[in-house]
Amino acid sequence: MSKKNKSKADASSFFSCIEKNFDKAARYLSIKKGLLEQIKSCNAVYRIHFPVKIGKEIQVIEAYRVQHSHHKLPCKGGIRYSTKVNQDEVMTLAALMTYKCAIVDVPFGGSKGGIKIDPQIISVENIEKITRRYTSELIKKNFIGPGIDVPAPDYGTGEREMSWIFDTFLSLSPGEVDALACVTGKPVSQGGVRGRKEATGLGVFYGIRELCKMKEEMLSVGLDVGLNGKKVIVQGLGNVGYHAATFFHEAGAIIVALAEREGAIYNQEGLNVSNVILHLKKTGSILNFPESKNIEDTEKALELECDILIPAALENVIHKHNANRIKAKIIGEAANGPLTPEADEILEKKGVLIVPDIYLNAGGVTVSYFEWLKNLSHVRYGRMEKRFSENMNTELLQVVETCCRKKIPIEEKKMILRGPREIDLVRSGLEDTMINGFHKIRDLKKSLKIENLRTAAFVFAINKIIDSYEKLGIFP
Ligand code: GLU
């Protein structure tokens, strides 16, 4: 959260915001207070300070790894590099991971890491040094490992950092046959899975697309069913925002505004996302994109006329001071915690449909789960069945052609014959997860008459966690 946002947002801690949401959900459940306390609290907080030589100076780096819940192992969650990193933030993000995993049925506890640095002003060599040292600190305290805690990318990190983490872990764990599974979000050439990079953005797209198929919900906000022609604003053009915007654009939605740190751009007729990215790469900024209007104060972009608003950057960007000016009818929380509880209440009263982070941005960890499974099984998805499926399809088509006494055109044949590749399997697994997750939350909301999707998502997650404690025999 920027200094500006911090003063605008309410004074309560980020962690207490999540506790408020949790408590609202707990009212729908008859669960002992002690159990709820156990689920809510962070199981382990590791705070580190380590020295790194940068140039001629020694710099002391502040870093964290928080394991929110051990009800399932390993723990899972990204590592963020930002100057805003602090203990409260990492604890909250770790807690969100626990609920997220429960909702999309990914068998992990939640965790999160953070290093308080600005990767934009530090050289690549020094980022590597810091990442490797951080990893060895995690190893030292048993805070990383395929069955212990598995990091992944988050704000300010990506494939490059994950490959350094893997390499450091491997070199300090000789003979560890499952070492690849110590971290996800790796490059495909180093054990990553195809489709992980765009997974969070694609998951956001699948989730909102599903909501937009629901007549009842669309009627409640005065919109037609479907995504085609809907006006969308995306805040944040990082890995999540960029991919989400691209998928919305390809599905026929109109991207009316894109917002970044330096400002926002607006065009009522729609922006071509890939051209904006080319412009960004060329000029270093999205501003002055041809045929668009610059908006100097990037926060103002959130208040523009649109159907769907996708905050895909940092937490608390919508707060009690700007919530009343938000005109979107649907808000899809691609970022973690983009709305303060006050903003949430204001927008709910206005009738805005809010699709909560703990469901909507779970696509990343879902595909991380696929990557972890791939690493543990030591085999690429599709390797066993691709050729077999192709042979079966060939035989089937021959039977169809014989019966119909008609030849199927070669292009159509090729499409039908094709066996599944890794990317096809990953994407269909993700699509299925997001669609199922949406309906589970929506059905629960209806059956228990819960006020909104966020509370329903929390109710669903708490129930799921209680179930696994019961299975372990911990809470008879
Ligand atoms: N950082 C992502 C998140 O917040 C992904 C976590 C993961 O893949 O483990 O969901």
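Every residue, even glycine, has its Cβ placed from backbone N, Cα and C.
Cross-referencing SER368, SER377, SER389, SER428 with the substrate binding residues that TrEMBL gives (LYS76, LYS100) picks out SER368. Listed in sequence order, LYS76, VAL150, ALA152, THR184, GLY185, ARG196, ALA199 are the same-chain residues at least 6 apart in sequence whose CB falls under 8 Å from the CB of SER368 (substrate binding site).
Counting every protein chain shown, the number of other Cβ atoms lying within 10 Å of the Cβ of ASN239 (NAD(+) binding site) is 22. Nearest Cα neighbour of LYS112 (active site, proton donor) among the listed recorded positions (LYS100, ASP154, THR200, ASN239): ASP154. Residues near LYS100 (substrate binding site) in space but far in sequence (CB under 8 A, at least 6 apart, same chain), listed by position: VAL106, GLY110, ASP357, ILE358, TYR359, ASN361, ALA362, VAL365, ALA461.
Apart from LYS76, LYS100, SER368, the residues listed for substrate, the same chain places the Cβ atoms of GLY77, MET97, CYS101, VAL106, PHE108, GLY110, ALA152, ALA362, GLY364, VAL365, THR366, TYR369 within 8 Å of the centroid of those Cβ atoms. The recorded positions LYS76, LYS112 differ in how many other CB atoms lie within 10 Å of their CB, and the one with the most is LYS112. Taking each of the recorded positions ASP154, THR200 in turn and counting other Cβ atoms within 10 Å of its Cβ gives the largest count for THR200.
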